[in-house]
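What TrEMBL says about this one:
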type: DOMAIN; residues: 28-213; note: domain '3-hydroxyacyl-CoA dehydrogenase NAD binding'
type: BINDING; residues: 33, 34, 35, 36, 37, 38, 56, 121, 126, 148, 172, 304; note: NAD(+) binding site
type: BINDING; residues: 72, 79, 148; note: CoA binding site
type: SITE; residues: 169; note: site 'Important for catalytic activity'
type: DOMAIN; residues: 215-312; note: domain '3-hydroxyacyl-CoA dehydrogenase C-terminal'
């Protein structure tokens, strides 16, 4: 019996070693989208020793992205290397050496291990991008989307590499937030999933796993919570100010739901809830809000426009 047990353990250990050997070790990363999320992902990947190419439509956007990354790195080094300014300067220099930019996604994906898409939340645009890059990326290259609201499965179906496709949902601001949701579709291979988990850990994040369900974990809980706060206010049960104070002092949240809605952007929140409502029209958690729709129609989108549920100077 002991022999059989030892034999089983050796066999299991050997199988685990073989499986690990098959995992893709990501060294070269292409990030598509130079906005806040894309630039943040590029920063943490470059800071952790990966070779990174950040891609967007114009040099002007990429110059702004690079400047933002430099400023962010300076803030990081003030905390991380408070007593070692020389080490901080060396860290910034080394990180920036790992980062290049390009306006031609097709030209740079031919030598990449991982493509992370972080463009606008538009199904057609994302599908078109992945479909195009699928023709030029190497067979081993994994595709991942940073989408917070769209189905990873539908994005994967625009390519011929459904088994090498998953979700990597980072949180804003990327350099500060520790969480990454790793999304596995029914077609995502175990090898791909483990490679994405390993990459998330390599860039200093704590990965959690979730199936391809609307909103994954955080937004699936967070968006209905914010929408229920709006409904509470719409019914006249409480003021938005009192709801915000209640959730900050009673639940320990750093922001109340209305403050968070204005921070995220009311148009973004409406886009998410409308998409989920179309998928599950009978789910009361996903019911649209007349007040939210009205504010978006009036272009009162939150902090970015100076007014949402609150006014900002």
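These residue numbers are counts, starting from 1, taken along the chain as shown.
Just so you know, glycine gets a Cβ as well, placed from its N, Cα and C.
Heads up, TrEMBL stuff is auto-annotated, nobody curated it.
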One should report the C-alpha separation between residue 148 (CoA binding site) and residue 169 (site 'Important for catalytic activity'), rounded to whole angstrom, as 6
Using all protein chains shown, find which of the recorded positions 79, 126, 169 scores highest when you count other CB atoms within 10 A of its CB.
169
Note: among binding-site residues 72, 148, 172, least Cβ-dense neighbourhood at 10 Å is 172
Rounded inter-Cα distance in Å - residue 35 (NAD(+) binding site), residue 79 (CoA binding site)
24
Cα proximity to residue 126 (NAD(+) binding site), best match among recorded positions 72, 79, 169
169
Students should find that the Cβ of residue 35 (NAD(+) binding site) has, within 10 Å, a number of other Cβ atoms equal to 16
Residues near residue 37 (NAD(+) binding site) by Cβ (under 8 Å) yet at least 6 apart in sequence within the same chain, in sequence order, are 118, 146, 170, 172, 174
For residue 56 (NAD(+) binding site), what residues in its own chain, 6 or more apart in sequence, show a Cβ-Cβ distance under 8 Å?
32, 33, 34, 38, 62, 65, 101, 103
